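Heads up, the thing below is written out as structure tokens.
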Amino acid sequence: MTGGQIFLTESPLARDLCALAFSTCFALSLLRIFEETAKRGVFHKKLNRKLVHVTIGLAFMLCWPLFSSGSQGAFMAAVVPGVNIVKMFLIGNGIVKDEATVVSMSRFGDYRELLRGPLYYACTITLCCAVYWRTSPIAIAAMCNLCAGDGFADIIGRRFGKKKLPYNTDKSYAGTIAMALAGFIASVGYMYYFSIFGFVENSFEMVRGFLVVSLTSALVESHPISTTLDDNLTVPLASLLIGTFVFS
């Protein structure tokens, strides 16, 4: 079923406007849920933040088939995370006060943290929509390694990461392995999902490419430079660069 059939219209613009409205409401609803879980202390603060990290981007990818093909659909999809860039900028600079967002997305409750990881996260999703879009395995790899890979690296690493890496005692074998596996599995899963709509074709070569990108991204995330710069910046950059090489 196409987005046009779902929204009962064959007009690409009308379809994209409906898809934009639905995706925005979907993303805001998820964010609202995690804001509430953060305020109520349902999850540990760090776990809540990582659940946001894993869920939002991957859930938004599920909405990509709702948009029309071509640059118009890509641009309209990019509006959703693009608005979030503005939101992170305003809150991170203290122009807008939003304690719930700060609590659910920051490590230490400092609103200025939103100008780093959360802003890089939103920029990556915007870039994947506007430049690469749903027909590109590069976009799939970058999104899945950022969301699933990096998210599960922290979740599993904190729970089972007793054995630390020799070159970075802040990272563990368990977290690095979890990142590679989660990023790879999510990438393959979205390859199959998008193939249903004819956006990509299932192939062993693409699966192999996803494995290379996920392994590389996991190594980059485990390097001390990712702690210094922010893994929400280094992981997608590594995925995009290696993905461009592997899938070209």
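Every residue gets a Cβ built from N, Cα and C, even glycine.
Residues 3-4, 52, 55-56, 59-60, 63, 66-68, 70, 72-73, 76-77, 79-80, 83-84, 101, 104 of the same chain, all 6+ positions outside the transmembrane segment (12-31), place their C-beta atoms under 8 angstroms from a C-beta of that stretch. The feature transmembrane segment is assigned by TrEMBL to 12-31 (among others).
According to TrEMBL, the transmembrane segment annotation covers 51-67 (among others). Beyond its flanks by at least six residues, the transmembrane segment (51-67) meets 2-3, 6-7, 15-16, 18-20, 22-23, 26-27, 30-31, 34, 37, 43, 73-74, 76-77, 80-81, 104-105, 121, 125, 129, 133-134, 140, 143-144, 146-148, 150-152, 154-155, 186, 190, 193-194, 197, 199 of its own chain at Cβ-Cβ distances under 8 Å.
Using a Cβ-Cβ cut-off under 8 Å and counting only residues 6 or more beyond its ends in the same chain, the transmembrane segment (73-96) has close neighbours at 12, 16-17, 19-20, 23-24, 27, 60, 63-64, 67, 102, 111-115, 118-119, 122-123, 125-126, 129-130, 133. Residues or ranges marked as transmembrane segment by TrEMBL: 73-96 (among others).
Note on the transmembrane segment (117-133): residues 53, 57, 60, 64, 73-75, 77-78, 80-82, 84-85, 88-89, 92, 105-106, 139, 142-143, 146, 230-233, 236, 240 of its chain, located 6 or more positions outside it, place their CB under 8 angstroms from a CB of the stretch. Marked as transmembrane segment by TrEMBL: 117-133 (among others).
Summarising the annotation, TrEMBL assigns transmembrane segment to 177-200 (among others).
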